[in-house]
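Below is one structure; the comments refer to it alone.
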Amino acid sequence: MKWSEVCVHTTQEAIEAVSNILHEAGASGVVIEDVEDFEMMSHREDNFGEIWDEKKRDEYPDSGVLVKAYLAESSDLTDTIKGIERDIQMLTKFGLTIGAGTVTLTQVDEEDWAHSWKQFYKPVKISRHLTVVPMWEEYTPQPDEKIIELDPGMAFGTGTHPTTVLCIQAIENYLQDNDRVVDVGTGSGVLAIAAAKLGAKDVFALDLDEVAVRSATDNVALNKVSQQVTVRQGDLMKELKEPVELIVANILAEVILLFVNDAYELTLPGGHFIASGIIGQKKEMVRDAMVAAGFTIVETTKLEDWVAIIAKREA
């Protein structure tokens, strides 16, 4: 079988939206190539992140990012590519900057694809105690290190996007043993898995997307946390009946605004709401909405162009 590599040249801001477009077109996973990752890792003072092969620096664009996906060649591939191009251009109507927004196509042999794509994925230390490891990698954790295994070939990626990293680090800082947690827009389920690994008693992982629900369910089983994590298909927080100690949402800023009042009502007094997926220039908009809902902002963290906002419902 022949495969085609679809490569989209876009911006950091549009990575998640472009990735979703590629998933909807039939891709089972995406590869993100961002030269700023090299720059960030070379200047970090902590030991978080992946070990990078500097020889690959010249393969990355000087500006913007490349989002790559692989589609099986078929008679309707031309129409599929036209649909991808159209949907990417439509993102500008939602206020996203897409940069070049170009789509290129390269043919790849199945044998080459079956082996070469795994080279992009290595263990990544996300926080003090959590490391994301591709399921095929042999990895021996340190005594205080917990492992999240993911299949990067599945939909919703690797769990190492800056917004995910910010969320996981905030969960590690604010989660208390035996807390109940809600993960809104769970995607791969990585935040729900992280909460379970860090001591949550019960975790409810919600997503409207059927593919996300399947992906999260598989990842929860892979990480052996099915007793703690319940994955449900649902519209934002409408499935919830009882308040919890911690709500997390790695989701677009505009979507956070839709349920921030519900988040306040479903956060126990003294509990926290962690919101990420927020591009820097939309930070104040989300902060203002959280405060208007009744939350107190306790911390804002930043990684690359993204921020996470941690808010508290006062006791």
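Think of each number as a place in line: the chain as shown, counted from 1.
Glycine too: its Cβ is placed from the backbone N, Cα and C atoms.
Per Swiss-Prot, the candidate among THR164, THR230, THR267 that belongs to the S-adenosyl-L-methionine site alongside GLY185, ASP207, ASN250 is THR164. Within the same chain, residues at least 6 positions away in sequence whose Cβ sits under 8 Å from that of ASN250 (S-adenosyl-L-methionine binding site) are THR163, THR164, CYS167, GLY185, GLY187, LEU191, SER276, GLY277. According to DSSP, GLY185 (S-adenosyl-L-methionine binding site) sits in a coil region rather than a helix or strand.
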